[in-house]
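Participant: Below are the features I grabbed from Swiss-Prot:
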BINDING   H79, H239, D243  Zn(2+) binding site
ACT_SITE  H266  active site, proton donor
Amino acid sequence: MIRQRTLKTSVQATGVGLHSGRKVTMTFRPAPVNTGIVYLRTDLNPVVELPANADQVRDTVLCTALVNEAGVRVSTIEHLSAALAGMGIDNLYVEVDAPEIPVMDGSAHPFIYLLQEVGIREQNAPKQFVRIKQSIRVEDGDKWAEFHPYRNGFKMDLEIDFQHPVFEGRNQRCVLDFSGASFVKEISRARTFGFMRDIEYLRSQNLALGGSLENAVVLDDYRVLNEDGLRYEDEFVKHKMLDAIGDLYMCNRSIIGEFRAYKTGHALNNKLLRALLAKQEAWELVTFEGEGDKAPIAYYDNGLVLA
């Protein structure tokens, strides 16, 4: 049987919010079975809980943000959400003392390090998966994203199309058979990226105030400005894949199926997930409880070495 997972104990980290520029202290705490991922704003009195689910995503401007009916938010959750998906974490309390998750280095890797540092505990309940039964497609102009049935795991195929000298001749398509190992080694270190020409406008809108060469890949009109260059030759499309993994984990369960997308982003990823969940005949919840049952997605174990 493949079981639900949480952490063995609590762990804390401090960083800066990518868009707010504010210092953030974040604490991960183990949660009971069937809790899901729950974000808590501990700077508010009383503390406000925001469960991670697709319907709570009410802002997708340059990030994924959970926002409740009162307007309380936790923003920029996508990189952490991707790390939780990659590590197969089902149940967790995420406490933050600010409206945003810290950006760390702009990738999911520091979150994975924190999760591995304290260790993962299996719980006495079967892990649930969302298995795709029917194809679903959403579009926005020339952009599109879709799910298809696929019983052998979670297969992802994502393509971007940026018209910029740095992207010319560079692979802008990424295909992934999702697993804990493939995520950690091939995707998790890909950083968020942005263009110098956009930064002044973004900051005038109180966005990207915490962005820097320490937590993002920055491009001018011709080149990458980071002295150390790229972590992967195709880091840009891999970061978009990372974002999609995080956005699609807003159902609190790993997906068994195929995801294909062209020029997708946070809004379209969320639109696709909502469209799927709204069509009950298009998916089913499955578990692998038999003694010999093997789930089609393999997750981190203590033998996995960080990339």
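From the backbone N, Cα and C atoms, a Cβ is placed for every residue, glycine too.
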Participant: Excluding H79, H239, D243, please set out which residues of the same chain place their CB within 8 Å of the center of the CB atoms of the Zn(2+) site, keeping sequence order.
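Facilitator: Going along the sequence, the neighbours come out as E78, A82, S107, A108, A190, R191, T192, K240, M241, L242, G246.
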Participant: Could you list the residues of the same chain, at least six apart in sequence, whose Cβ is under 8 A from the Cβ of H239 (Zn(2+) binding site)?
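Facilitator: Long-range Cβ contacts: S107, A190, R191, T192, F193, V217.
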Participant: Roughly how many Å separate the Cα of H266 (active site, proton donor) from that of D243 (Zn(2+) binding site), to the nearest whole number?
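Facilitator: Cα of H266 (active site, proton donor) to Cα of D243 (Zn(2+) binding site) measures 7 Å after rounding.
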Participant: What's the most sparsely packed of the recorded positions H79, H266, counting other C-beta atoms within 10 A?
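Facilitator: Relative to the other recorded positions in H79, H266, H266 has the fewest Cβ atoms within 10 Å.
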Participant: Using all protein chains in view, find how many other C-beta atoms are within 10 Å of the C-beta of D243 (Zn(2+) binding site).
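Facilitator: The answer is 24.
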